[in-house]
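Quick notes on the structure that follows.
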Ligand SMILES: *Cc1c(COP(=O)(O)O)cnc(C)c1O
């Protein structure tokens, strides 16, 4: 039986990539070494990281005036690095609050800067993206921060905000899911473990003019300039994670790039939302309309007493890690790039069958 993994992260990776990793695990390209065992300054790893960056630049069409940084510390580190690198004490920054991850980013930024919340969807339990026309921008913000896909709430921005100040985005859970105009942003960051590769690595794509303005007391490792100047090799990088991510970038290219991913993801998301909306109320989604996430689909059963049985039956059918986040309850199907169409088809067939048996 095939297992389909709906985890929100660390999440499913392309099977072809895992098989290649397995094949190369003890002997990378005839070197006699595993990537785990190589000097990060040797010729083999130099080739791996150079190709990974070049392939990511190609896939995302990253303009030449942006640096690509392979960092550690997860997206959480970025919550602090951003204000420490882009503000001085007393500065004001603008944040949009659309859910759990926005809130965590805001809380950390408040330790270093005056945070103005331009808009919040907390009034309706983070089930929508506030209309951009009503955002209350500050006159002197150093940047505008938002989270393009709230992994827990299942809310995704259907637009890129307009901004005269550098636009900063936490793209941890929807980067590489569709084509992107990188030039609209000052800084994009994403933890790898959703749509890129293994945990332990965070990618930052930063416009060059935003590098070199960190506060004097910022630790060396938390200064973007340190990593930009050293091409992500200031210290030992997460080498194995970079290697696997590089294979994922090649997999994306081989499978039609981000245009093909956008179609693939739209098809999968439509299948799941149609299954929910067409269930006659047996299943319900907390999010409606254009800001439904294509990556993370939270949904509730009409009777929460059936949750345990739903999960048990799903697991028996090879559909794993469907339990929703504790703050939302119910189920959550995360259907990132690497989730095959067959996995989503198996999920909606199971949902229909379960509803029939309990409706
Ligand atoms: C998972 C996630 C995070 C947290 O990532 P860590 O790597 O665990 O720090 C932050 N933001 C979003 C949108 C996420 O999905």
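Backbone N, Cα and C atoms are what each Cβ position is placed from, and that goes for glycine too.
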TrEMBL annotation, pyridoxal 5'-phosphate site containing 101, 151, 193, 235, 236 - matching residue among 164, 170, 181, 209: 170
Message: Quick check for you: of the binding-site residues 101, 170, 235, 236, which have their Cα within 10 Å of the Cα of residue 194 (N6-(pyridoxal phosphate)lysine)?
response: none
- prompt: According to DSSP, which of helix, strand or coil covers residue 8 (L-glutamate binding site)?
  reply: coil
Message: Roughly how many Å lie between the Cα atoms of residue 8 (L-glutamate binding site) and residue 170 (pyridoxal 5'-phosphate binding site), rounded to a whole value?
response: 15
- prompt: Where does residue 101 (pyridoxal 5'-phosphate binding site) sit in the DSSP three-state scheme?
  reply: helix
Message: Does any of 41, 101, 151, 170, 235 have a Cβ within less than 6 Å of an atom of ligand 1? These are the binding-site residues; tell me which, or none.
response: 101, 151, 170
- request: In whole Å, could you give the widest CA to CA gap in the pyridoxal 5'-phosphate site formed by 101, 151, 170, 193, 235, 236?
  value: 31
